Structures are given as C-alpha cells and as structure tokens.
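Have a look at the structure below before the remarks.
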Amino acid sequence: MKLKQRVVLLAILLVIFIFTKVFLIDNLETSAANREDQRAFQRMLAGLRVALDPRLEHTLQSPWEIAAQWVVPREVYPEDTPELGAVMHAMTTKKIIKADVGYKGTQLKALLILEGGQKVVFKPKRYARDYIVEGEPYAGYDRHNAEVAAFHLDRILGFRRAPLVVGRFVNLRTEIKPVATEQLLGTFMTVGNNTCFYGKCYYCRETEPACADGDIMEGSVTLWLPDVWPLQKHRHPWGRTYREGKLARWEYDESYCDAVKKTSPYDSGPRLLDIIDTAIFDYLIGNADRHHYESFQDDEGASMLILLDNAKSFGNPALDERSILAPLYQCCIIRVSTWNRLNYLKNGVLKSALKTAMSHDPISPVLSDPHLDALDQRLLSILATVKQCTDQFGPDVVLVEDRMTLSHL
C-alpha cells in the first residue's frame with residue numbers, strides 16, 4: 001500500500017475512532033443522567049406521604065428557621081426534606097398572633113402572623129369540591145384547595161419551585177377576630193348563622209363575602225418566603241390581554257418564540273426552560289391566569305421562576321385549555337429531566353402519586369376524582385405535543401440538557 005493511501009486510511013480510522021469515542025461518552029453521560037432521573041423519581045415516590053408530625057429531630061431550630069434555610073436560587077425546598085412534616089404541622093397548628101388584609105391583588109386573602117413571627121397567606125374556601133367553574137379558564141374565585149394540590153404536584157414533578165402550602169381550619173370568632181387589624185375587622189359580618197369577611201382587594205365586595213361554616217372556616221395557608229429573598233415581578237411573555245377581541249402577539253404570531261429568544265432574560269440561562277416547565281405545570285392544573293411571574297431580585301435570569309399564586313386552577317376538569325401549552329409547542333424545547341419525569345408519571349402514576357401526596361392534608365380529600373382523572377388525560381396531551389416536536393425537529397433539538405448542581409449550604 002502506498003504511503004498516501006496509508007495516510008488516508010489512517011486518517012479515516014482516526015475520524016471513526018474519535019466519533020465512536022464521542023458517541024460512547026455522550027451515550028454514557030446520557031445513560032448516567034437518565035439513571036439519576038430514575039433514582040430521583042423513586043426517591044420522590046418513597047417520600048410522598050408527609051405525616052404532619054410536630055417532632056423535629058437533631059435540631060434546636062424552629063420550623064420557620066429550617067424552612068428559611070431551605071431556600072436557594074433554584075429551589076424553595078430541597079429534595080430530601082425529613083423536616084417537611086414538622087414545618088407543615090406548624091403551619092396548620094401554630095397560634096395566630098395577628099391577622100390583616102392580604103397583600104394587594106385581585107382576590108380575597110388574609111395575611112396571618114403565626115407564633116414565632118412567621119407570615120403565611122390564608123385563602124378561604126369559596127367552593128365545594130365538586131363545583132364546576134364555568135366560563136373563561138381564568139374565571140371564578142381563587143380555589144384554596146388548588147393551592148394545596150399545586151404544591152404537591154410541584155413536589156411530584158421535581159421542580160421544587162412552589163412555596164409550602166397546607167390546608168387549615170380556623171375559628172374566625174376565637175382565632176382571627178381577637179387579633180385582627182381594624183382594616184380586616186371592618187370587613188367582618190354575619191350571614192345567617194355564619195361568620196363571614198370580604199377583606200380588601202381589587203375584586204373584594206361586601207356583597208360577596210367568604211363565609212365559614214358557623215365560625216369554622218376551611219382554607220389554605222402558604223408559607224411566606226424569607227425577607228432576605230426579595231421578589232421581582234415580571235410580565236409573562238405568554239400572558240393574555242384579558243380584553244375581548246384583542247389578542248396577544250403569541251396568539252397569532254407563529255414565530256413568536258423566536259422573538260422571545262432574542263430578549264433578556266430568555267436569550268440565555270435557564271429562564272425560557274423555566275417558562276416551559278411552568279406551562280406544563282399550569283396545563284396540568286388548568287391554570288390559564290399566569291399573566292405575571294416572580295423570581296428573586298437581581299438574579300440576571302439565573303434564579304428560578306417561582307410558582308406563586310396557583311389558586312386559579314382545578315376549576316373545570318372537562319376543560320383542557322391547550323393555549324396554556326403555547327410556550328412548549330411554539331418553542332419546541334423541553335428539559336430532558338422534565339421529559340423523563342413526565343414519562344415516569346404515565347399510566348395512572350400521576351393521579352395515584354398526587355392522591356397519595358395529599359392524603360395527610362387536614363382538608364383531605366383535596367380534589368374530586370374528576371380533577372385527578374383530568375391530570376392523567378392532560379399528561380397524555382403534553383407527551384403527544386412533545387412527540388410532534390421531536391417528529392418535526394428531532395430529539396437532539398427538542399430535548400435540552402439543563403441540569404444544575406444545587407447548593408444547599
């Protein structure tokens with residue numbers, strides 16, 4: 001064989017060797033990542049049941065101090081949370097030392113201070129579990145049980161971006177009124193034999209109070225994030241106009257995602273993938289009302305999109321509002337870890353997992369069976385949407401590796 005032929009053959013063999021090595025390394029890395037996703041899923045399933053237990057072992061810290069230390073830029077609570085039950089027990093049992101009108105917003109809520117100085121947001125029950133909210137997908141009052149269910153779904157999906165939420169029964173006459181501010185107390189009334197209040201908010205009306213069953217009111221309490229992590233509010237790029245006859249750009253522009261990708265903070269970092277995770281989360285719970293979102297301040301797009309205010313969810317199990325998925329089907333990208341988790345939840349696993357996760361909540365059953373069934377059906381729609389994307393663009397384009405090492409220090 002001539003020298004030139006030998007050099008060409010050697011070059012070909014070298015190229016084959018390099019490509020084979022790269023391919024094997026990529027496959028090994030992908031397999032290792034997939035195995036870790038599988039292990040994380042199994043750990044999540046093993047820790048689904050959260051017994052509300054007051055005991056805090058191996059620490060002298062209060063439950064509020066523990067929960068505050070959990071918060072880092074990319075998660076509200078860590079994967080391994082043996083103290084979660086104790087923190088949630090405190091949220092549902094600690095004495096209320098002050099009650100005030102809720103922070104500004106459109107819906108009725110109250111701001112409570114619990115013993116130890118911890119702030120929580122209380123959202124009252126407005127509907128029975130089987131009530132169907134008709135009309136627009138964002139219609140109706142806030143649903144307190146939706147906040148509870150959304151928190152546990154956040155755990156199941158492995159996002160860990162939603163503040164802790166638990167159900168609680170409060171006695172308005174003995175627990176709230178004696179410690180209420182004048183502003184809140186001025187909105188109390190009696191309707192029949194029931195104690196009611198209407199609070200202060202954009203849509204709060206004296207003619208539409210929330211009423212207890214006698215003096216006992218069912219609601220949800222959401223743990224306030226630590227003040228050392230101030231929030232920054234952002235307009236959601238796929239937000240609605242809420243005006244009849246006026247469409248947002250994403251509703252008519254098929255290339256809208258291309259424009260989003262050119263604007264900060266969606267042109268780099270994890271924020272766009274967070275938006276897509278959130279679209280999947282919102283579609284599962286039926287939340288079409290995320291017109292804004294929050295992140296931590298001065299994060300330059302690096303911190304997570306925090307899953308706050310999920311109460312406009314689980315209104316109508318028969319309504320699948322596909323437009324909620326617009327970020328997914330317009331951008332056609334999804335985290336590999338999210339894609340893996342969704343696949344693990346097929347075949348009824350999602351419904352079963354959520355039912356198990358919520359079983360120890362004080363207001364259980366949190367959701368009616370039609371809402372649980374709807375979750376499994378919506379999951380199939382998400383999987384089908386991703387498949388359409390991979391068929392069109394290929395999995396290498398659609399499935400994006402975005403695994404971050406999270407610090408719990």
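First residue shown is number 1, and so on along the chain.
Positions of Cβ are set from backbone N, Cα and C atoms, glycine also.
Annotation comment: TrEMBL describes Gln107, Lys123, Thr222, Leu223, Trp224, Leu225, Glu294, Asp309 as ATP binding site. For Asp142, Asp309, the entry in TrEMBL reads Mn(2+) binding site. Residues or ranges marked as domain 'FAM20 C-terminal' in TrEMBL: 188-397. If you look up TrEMBL, you'll see Asp289 marked as active site.
Projection of TrEMBL feature records onto the structure.
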residue: Gln107; record: ATP binding site; CB count, 10 Å: 19
residue: Lys123; record: ATP binding site; CB count, 10 Å: 26
residue: Asp142; record: Mn(2+) binding site; CB count, 10 Å: 26
residue: Thr222; record: ATP binding site; CB count, 10 Å: 25
residue: Leu223; record: ATP binding site; CB count, 10 Å: 25
residue: Trp224; record: ATP binding site; CB count, 10 Å: 20
residue: Leu225; record: ATP binding site; CB count, 10 Å: 20
residue: Asp289; record: active site; CB count, 10 Å: 24
residue: Glu294; record: ATP binding site; CB count, 10 Å: 18
residue: Asp309; record: ATP binding site; CB count, 10 Å: 25
Largest inter-residue Cα distance among Gln107, Lys123, Thr222, Leu223, Trp224, Leu225, Glu294, Asp309 [record-listed ATP binders, Å]:
20
Spatial separation of Asp142 (Mn(2+) binding site) from Lys123 (ATP binding site) - C-alpha basis, Å:
8
At the Cα level, what's the spacing in Å between Leu223 (ATP binding site) and Asp142 (Mn(2+) binding site), rounded?
17
For Glu294 (ATP binding site) and Asp142 (Mn(2+) binding site), what Cα-Cα distance in Å is obtained after rounding to a whole number?
19
Cα distance, Asp142 (Mn(2+) binding site) to Leu225 (ATP binding site), nearest Å?
20
Restricting the comparison to the binding-site residues Gln107, Trp224, Asp309, which residue's C-alpha is spatially nearest the C-alpha of Asp142 (Mn(2+) binding site)?
Gln107
C-alpha spacing of Asp289 (active site) relative to Thr222 (ATP binding site), in angstrom:
19
Top Cα neighbour of Asp289 (active site) in the set of binding-site residues Gln107, Trp224, Asp309:
Asp309
